[in-house]
Amino acid sequence: MERVDKYINSIYRNLKVDSTELNDLKSEMRSHLAEAIKELKEEGYSEDESITIALERFGDKFNLEGELTEVFNIKEDNTITLILLSLIYIPIAYSIAYFTGPGTFSGISLLIILIPVYSIYTILLIIIKLKKHIVINKLYEFTKFCFIVYLVILFGKLLFPVEIYPDLSRSSFPDIDVPLSYKITTIIREILYFIPLGILIPIVSKRFKYLKKVILLTVLILVIKSIFVVIISLLGMGVYRAIFIDLLILNVIGSLFGYGIYSISKKHMKLNF
């Protein structure tokens, strides 16, 4: 099977993914080729002939290498762009809230403005793919759209509405006892917020295929959220919001649940992403 290994290595040599993922991809292709070779041998071909035919059916290695690299690069660049767009829009939204005067800027405004912008971006990307004769995976594109909508809603829930009352301070609020039912509702809500992240991000981006990277992304989002909350409070642009470590832990648990759902679904359902 030395020819098969050389063929696989030549295809994946320029692919920029981590070593664990690269080995998984190679192993998957090796299994497909081994199965094809086995079927050909059962049809009466020699091992040498079976390998030659199987490799020919998979296609020219140079064309496959170029197509594979291009598809992976487009997917990764697109995912990074989605996350950056969501992050860049946060200070813009806060600025809008501040300059529109006292009151609130609802998180729903994020959806109203950003979703049409993303839709135009997606259409342009599909046109580029069609021009380059790249096969468009409709299920993947739909999942990607769901992911950006989720990101916008997530940031909208975590950071908005923005309370623009500069003269309002922490002393304006008396200490109150929080009912147990409210605490339970908060726990469930904080977990639910991040379940979709654990499900969608491994599908949208192979960079986040592994659990530790999903956890790191969750922590990064929470750190960014906390920084913005502190900055806004210090600038007197909004009321103080406490940052609780236990809520951060609940958010991480949510992403773990989501990743668990993704892993189970991947094992029991043949999803082509």
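Just so it is clear, glycine is given a Cβ too, placed from its N, Cα and C backbone atoms.
The feature domain 'VanZ-like' is assigned by TrEMBL to 147-264. Feature annotation from TrEMBL assigns transmembrane segment to 80-99, 105-127, 139-160, 180-202, 214-236, 242-262.
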Maximum Cβ pairs under 8 Å to the transmembrane segment (180-202) - stretch from the list 139-160, 214-236, 242-262: 242-262
Averaged pLDDT, computed only over the residues in the domain 'VanZ-like' (147-264): 76
